[in-house]
């Protein structure tokens, strides 16, 4: 739910974006446009599989400060020289590079009414501590539940 092939809707149809010039600044804009916070990472060469519709954008070059892809420098809609093997992808993983992912095996839920609920606590550098709720979403809760073995 926070990573995949990037598809855009234009002129009544969905299509992909070619990965020419695709980088983490473009991924940052995509994540922002989708309302996702995290560590934006651009992925190339159809990392998340090839699309089947039209390739709608090419040569996307964002500065990283834009609110949407529409504000980025890019080719005209539908003007491209790519194949679907070049479909662009994005990961907006909220846990990439964080202590929560690295130390998930030393995590537990404290203060809840059952073992399946509570405050998230992690063990790091010899101490137990809590996880700040800044940017905390249902996605974070899903990751914690999965890492603790709850389905």
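Every residue gets a Cβ built from N, Cα and C, even glycine.
Quick look at what TrEMBL annotates:
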type	residues	note
DISULFID	18-82	disulfide bond
DISULFID	31-92	disulfide bond
DISULFID	62-72	disulfide bond
DOMAIN	1-93	domain 'SRCR'
DOMAIN	107-151	domain 'SRCR'
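Overlay of TrEMBL feature records on the structure.
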residue : record         : Cβ within 10 Å
18      : disulfide bond : 24
31      : disulfide bond : 23
62      : disulfide bond : 23
72      : disulfide bond : 20
82      : disulfide bond : 18
92      : disulfide bond : 23
Among 18, 62, 72, 82, these being the disulfide-bonded residues, pick the one whose CA is nearest to that of residue 92 (disulfide bond). 62
Taking DSSP states H, G and I as helix and E and B as strand, how many residues of the domain 'SRCR' (1-93) are helix, strand and coil? 16 helix, 25 strand, 52 coil
Could you give the Cα-Cα distance between residue 31 (disulfide bond) and residue 82 (disulfide bond), in whole Å? 23
Between the Cα atoms of residue 82 (disulfide bond) and residue 62 (disulfide bond), find the distance and write it as a whole number of Å. 19
